[in-house]
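First the structure, in the form of structure tokens, and then the observations on it.
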Amino acid sequence: MSMHIIAGLGNPGSHYQWTRHNAGFLFLDRLAHLENVSITRKSFSGLAGEWSRANCRHILLKPQTFMNLSGRSVMQALQFYKLPLSQAIVVHDDLDLPFGTVRLKQGGGHGGHNGLRSIMEQLGKGDFIRLRVGIGRPLHGDTVNYVLGSMPPEQMELLPRILDGGLEMLEMLLDQGLPKAMSLFNNRNFLEK
């Protein structure tokens, strides 16, 4: 097993803390809480911490550049640790997945997600692993207000179960590789018992 940069995308500040667009930050916060890890070291234009799993150290990164400039932070971390882009795992919200689903994917486009766009612009390509946290699409209205809006209380109540499912996926990915994790988890809805 080798080191990874696990970057959760979001916007800094209490105003954005519980918004749909901060699913990546919320994911890393849940991991840090459950694993008793601190993500508070100021580095790489973000907040960083270390998580050890199966005798391997992984860097947890919450860019503090705002979403549209997340690529700068991810690039700095990869360069510092001399890791290829394939060792980056980016956790982000995804409008195209229904709430309650989490999927793994390697490569692809940015799908209009400004954080992914920034990473691809900074690094020249999109060949990194994505852990996509489904937030669903708004029934009406524009997507900007939707992603920057807070989750309703009924979704907030369910969020830990979804994030815990995503953590299971991440652990499987790190322990047994992407194909195995995708085959076991990509068709699962974490709201179903």
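Any Cβ shown, glycine's included, is placed from N, Cα and C.
Since we're looking at a predicted model, the values are computed, not measured.
Per Swiss-Prot, the features are:
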- N11: site 'Discriminates between blocked and unblocked aminoacyl-tRNA' (SITE)
- Y16, F66, N68, N114: tRNA binding site (BINDING)
- H21: active site, proton acceptor (ACT_SITE)
- D93: site 'Stabilizes the basic form of H active site to accept a proton' (SITE)
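Distribution of Swiss-Prot features across the structure.
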residue	record	DSSP (3 states)
N11	site 'Discriminates between blocked and unblocked aminoacyl-tRNA'	coil
Y16	tRNA binding site	coil
H21	active site, proton acceptor	helix
F66	tRNA binding site	coil
D93	site 'Stabilizes the basic form of H active site to accept a proton'	strand
N114	tRNA binding site	helix
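Here D93 (site 'Stabilizes the basic form of H active site to accept a proton') is positioned 14 angstrom away from F66 (tRNA binding site), judged by their C-alpha atoms.
The tRNA site, placed at the center of the C-beta atoms of Y16, F66, N68, N114, has further neighbours from the same chain whose C-beta lies within 8 angstroms: N11, H21, T65, M67, L69, S70, G115. Long-range Cβ contacts of H21 (active site, proton acceptor) within its own chain (separation 6+, distance under 8 Å): L9, G10, N11, M67, D93, V147, L148. For the recorded positions given as N11, N68, N114, the lowest number of other CB atoms within 10 Å of the residue's CB is seen at N68. Across the annotated binding residues for tRNA (Y16, F66, N68, N114), the two most widely spaced Cα atoms sit 16 Å apart.
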